[in-house]
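Working notes for the structure below.
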Amino acid sequence: MAMGFFCFALFLFFGLDLDTGYAASASTSEGVEVTYGTVLKLMHEKTKFRLHSHDVPYGSGSGQQSVTGFPNVDDANSYWIVRPELETAAKQGDSIPSGTIIRLQHMRTRKWLHSHLHASPITGNQEVSCFGGESESDTGDHWRVTIEGSGKTWKQDQRVRIQHVDTGVYLHSHDKKYTRIAGGQQEVCAVREKRADNVWLAAEGVYLPVAETK
């Protein structure tokens with residue numbers, strides 16, 4: 001019930017027609033395509049934590065808005081809007097083939113998933129933050145989605161790696177947790193190597209159907 005009500009609120013927030021998209025849980029919508037405009041949660045495969053952000057800055061590194069892994073499924077700060085890269089003709093409802101460059105916009109704060117050459121707080125890997133806003137975005141917000149396996153377009157049931165375009169590192173998490181401000185949440189960072197800890201899956205969200213081609 002709570003999930004359904006929140007997804008209804010998302011439709012109202014984005015001005016979407018209820019006939020153009022639908023709510024999906026991690027267990028009920030296997031094979032649903034991820035398209036531009038979809039609002040979703042990204043689940044870290046190994047720990048099952050969701051990619052999360054909130055209006056709390058890092059106390060080190062860049063001092064930008066922090067990004068963490070969150071243990072609970074029902075937190076509204078774990079929703080991200082899938083957007084195309086800058087200066088592209090891609091539009092809402094377009095499919096996302098493996099290898100496509102995307103941006104992820106944090107729904108609550110409107111900032112972009114970002115990375116740069118700062119050290120992450122716990123492990124000293126590359127920091128992942130949220131930065132910018134509706135009219136402020138740069139190539140530091142560009143991430144390449146690559147499907148692990150034989151799939152051609154990004155779907156909910158597919159394992160993916162998400163690679164930062166500017167620096168070549170992979171979006172990563174692990175079981176090392178914060179103890180104070182974000183107590184119980186785990187570090188999200190980026191690493192250069194392909195590891196079991198940098199695989200993600202599209203989980204709960206509001207998935208927009210594939211746009212009809214004219």
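In case you wondered, yes, glycine gets a Cβ from its N, Cα and C as well.
Feature annotations, reproduced from TrEMBL:
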type	residues	note
DOMAIN	31-85	domain 'MIR'
DOMAIN	93-148	domain 'MIR'
DOMAIN	151-205	domain 'MIR'
SIGNAL	1-23	signal peptide
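Within the domain 'MIR' (93-148), the DSSP-based counts of helix, strand and coil residues read 3 helix, 30 strand, 23 coil.
Counting residue by residue with DSSP, the domain 'MIR' (31-85) contains 3 helix, 27 strand, 25 coil.
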